[in-house]
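What TrEMBL lists as coiled coil is 2-29, 224-271. The compositional bias 'Basic and acidic residues' feature in TrEMBL is assigned to 163-174. The domain 'U1-type' annotation in TrEMBL covers 43-77. TrEMBL lists 163-186 with the feature region 'Disordered'.
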Amino acid sequence: MSLRLEVEKKKALEEMRKLMADRKNKDKKPIKINNPLAKYNNAGQLMCVLCSSIVRSENVWQVHVNSKQHKENVEQAKKLKELTNNFTDKKIKKRPNTSLGDPPQEKKIKGILKNASENPIVQTAKPKNNAPTIITYHNEEIKRTILEPIIKEGPSKDEITNVDTAKEDAKSQEGSDQPIPEGFFDDPILDAKVRNIEYKDPVEEEWEKFQKEIKEETTTSAEIIAGEQEEATAERQIDEIDEQIRNWSRVLDLELKKEETKKKKQDVELMSEDENDSDNDVDIDEYLDWRAKKANVDLTCEVLKICFDKFGAGDVIKHFTGHIMYLLRHDKDCVRRLAVDEVFKSVKTDQTSFPVAQYIDVFVAVAQMICDKDVGVANKAVTITSDLPPEVYPKILEEMKIALDENSSSKCNAYEVVCNIAMKSPELFTLCVEQGYIDHMISELSTDDILYQLNILELLSRFAVKPYGIHYLVKEGGLDKISTLIGNIQSNPLGGLMLPGYLKFFGSIAHHYPKEIFAKYPVFLNSLFEAIESSDQSVQLPVALDTLGFIGTTIEGKLCLAAVGAQFIQAVDKVGDLIKNGITEIKVRSLNCLASLISVERDKAKSNPIDHRVTLMTREWFRSLNKPNGAMEFLFETVKNPFPDIKLAAFILLDAVCQHIWGEQDVARVAGFVEYLLDRSVGDTKEAKEARYDIIKRLAHSSAFESNILTRLQKYVEEGPFYMETNLQVAMEEGD
């Protein structure tokens, strides 16, 4: 058995390498060398005729041509050809000798003058002292008496000019039958111009030739490198395939060991007693089952993950749907985690490529995994299920009811999915109601598990702020049930721990519908103000301060709170006392709460101009901060607090105050306040500098300051929040 597997493995490896080589050769485009020295033999191999050698590939033909041996062979062939041509020319034809003094044959040359006759007279004169023959046209003869003294005594400057002029005239009048020999003029440019030949600088020609050779070498080198990279890539892929085959071979070896051990087990069972058979079966099965061995399962998951990465997003689910379904229901955590990660990657990449009718089983299987004991798998399943096509939710919500029979953690996961679905649209919210999830959540508030109840309240508050959500809770009596639970908190020994959850729930709804909540559920307001007046500064008071500020953020919330009357005024006074005497955490929360009550720019639906009643109310609430000494003086001292979190909260409150004209006037009346704000030498954090800049930007357009102060404020705004002044110091060296 082992030998057969080994042979099959080798065959598979050879076939894989053969396929890789064929694919590599198929991708290559055939290249034929068109060169007189290139020749292909009967075997299809490229050969160099001159060197009589085989070239390995067409890609390296240029490398062979540029090699030293090939160039030497080319030079030898050229020399041999020249010798052969010289030998043949001497035998066939002899070149005639002509005397230097023989006059050239007379030819008809077209005149260049307008009145010249059709047959001009050509005169020649035989020079003395071996001087060159002078040819004249149109009866214009250059006297030999001019040249003879020049030859004997040497030419003068004027004579040289006359001779040069004569040369140029002779050249212009000379016909095509009398070419000037190469090198007649010393200037190579003039010499080429006279002979009607384009002048080429030898240096430039050499440079162009050099650049051409460099370009050819670069191209050849790039082709060689590309070929080597392609070969390296193919070899690396073959190595990866070999590694995967080795891993699977290990799995097959474990299967063989399992079968061998089972045979031994059967032999042991025949010899063992009947009373011990059942116990031995359990022990041996647990020992033999390789799937139960974590190391082997982890190895298999790693191999599968490598294989999955080779596919595109969604291809694994499309081609191996049944296998993914098996992995999603596997008993090992790592296997389920591998499958749910692949589904998450596929759905998040392209959700539209998975038709609901075809992949509904995959979606349902993932939805049921919200009850998984592995927290990571359950959280990933919640994320996937919360963001699926709307048409898949009827089936998912129906199949997901199995989570309601599990523990509280699984139920919370199911409720989270339901809330995320319900917030998408009124139709999906109605679907969740019809499936009974919303009523089940409200009924679970009567359990004794405090953390479970707090989680349900947090989830209910998400869709309760929606118009259709609050309408259903009011219509079906859900808010009445929750308000009844608040009234019974006093009798519950653990009610103090539950109260923050109920305050946050009603506070989130009252932020959007303050008038309705205050009118129908006064128990909520009573509990809120009692929590603010309580001495418990660790659990109830922080949540109560945040809830009060959240409700008072909107203009409608401010008016509804002011309509409460004495209870709210006492709560504002309590907030001022906490700012002065509370611990650091409570002081920061109190400053933020008062800033929310005074600010008028946090309300997105605010009206312009602001209601005059709001301006008067906010001024009274701020002045209650420190009635005897003045609220703005106290805020000035708080702004200078060295603790960063308290200073930042004080800046936020100051920014809310400066949103009103009375706040700008109070800042202008406090001596030194503006100078402190403009002082950049104060060491602040980044957040504090930004908050300071927002305040100065607001005050830079205020009518409460004089023109010189406004100029300084506007200059600060132009320089930005992080501007730093530079002081230049010059060191002077004193002389002796």
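Glycine is no exception: its Cβ is also placed from the backbone N, Cα and C atoms.
Here the domain 'U1-type' (43-77) has Cβ contacts under 8 Å with residues 31-33, 35-37, 213, 216-217, 219-220, 223-224, 227 of the same chain, all six or more residues outside its ends. In the predicted model, the coiled coil (2-29) shows an average pLDDT of 68. Counting residue by residue with DSSP, the domain 'U1-type' (43-77) contains 18 helix, 6 strand, 11 coil.
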